[in-house]
Amino acid sequence: MSLPGDISPPRATPVPQTLTAPPMNDSPEVLQALLHEKEELVEALTERLEQAAEQLDRIQRNGSDRGVRVSGGIPSDIVEQQRTLCTDLQGAVDQWEQMQCASTLGSIEAQLAELRDLFTQGGVQAAFPQGNQSPVAHNPGQSHLSSGEGENSIQSGWEAMKAGILESAGADEPQIEQPQYEQVPHYDSQIESPVEQNQFEEPTGSLDPPQVINVDAASVEELKFAVTERDAFISELIRRYRSLEQSRQPVGNWQDLEAVPDDLRHRLTVLEEQLNEALRLSEVEISLERARLGREEMRLKQLDENAQKALERLGIAQAEIKEEMPGEGDDESNRRWLRMLGIRPE
């Protein structure tokens, strides 16, 4: 029994030592012996020829199998795994490209434009309904409390939007603590003069807008400072606007307010409840918007992590992808920053 690939020597077959034919003789005995010798020689040569052909066929089969294993391509399971990884990576990249923050930035720009228009016009009717002005005009303490709560809600919304923008840019911005408003004391019925009743003073001094910066040449620190400076400018605009509106409202006497009829006092109470309800709904809307932005941020982080894992499985470095990315995405991002900062791109 011979192993595959081995060439074993053929079995020893008796071969006549002499291949030369003896001199022909007419005797039958000599002719029979010579014929028998020839037949044995033919049988031995045939057997060795069959063994050589079998060994040659075995060698050819073994050599072809080894050639397939050596010269073949990548195994099919590895090719299928690479195809699956490429498909997952392409899906993650498509989702990343589809998710844009254009809607959020557009709402921020709309709010900035609205605040700028309100501050420019300086009209009470543009900001508050007519029904909500009566309790503010007749009750400075309640007006101070309501304005403080509204300003706190607006500042909370601006802080949430600013935190989302800075976190998406990869910057860590410390959260600014909200001011704690003290409890409004109870006012006596007698007040010395109408001047002391007005707790809001007219804004004095000019308010210069932030300086325009070159976004293309500015560093990350300069961009952070520009965002912080514009947040402070917006807060100052809101404060001055509220102070201006409160200072324009007439202040009455508390004794006159106590002498009003019951139906008018009931109407003031109803308007106060409506104002409180509006403030409560505004706070709920801001909380829902903050929660939605938080979920959107978590979803973006999860997609980013999935894309990074897919890139690591494919052996692609993040630096190589950034080098291969075209500059159109950077231009679009720069235009969004310019619109957010109030600069019209050329």
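The backbone N, Cα and C atoms fix where each Cβ goes, and this holds for glycine too.
The stretch that TrEMBL tags with coiled coil, taken from the ranges 7-34, 35-62, 63-90, 231-258, is 35-62.
Of all ranges given (126-154, 184-212), TrEMBL attaches the label region 'Disordered' to 126-154. Here the coiled coil (35-62) returns a mean pLDDT of 86 for the predicted model.
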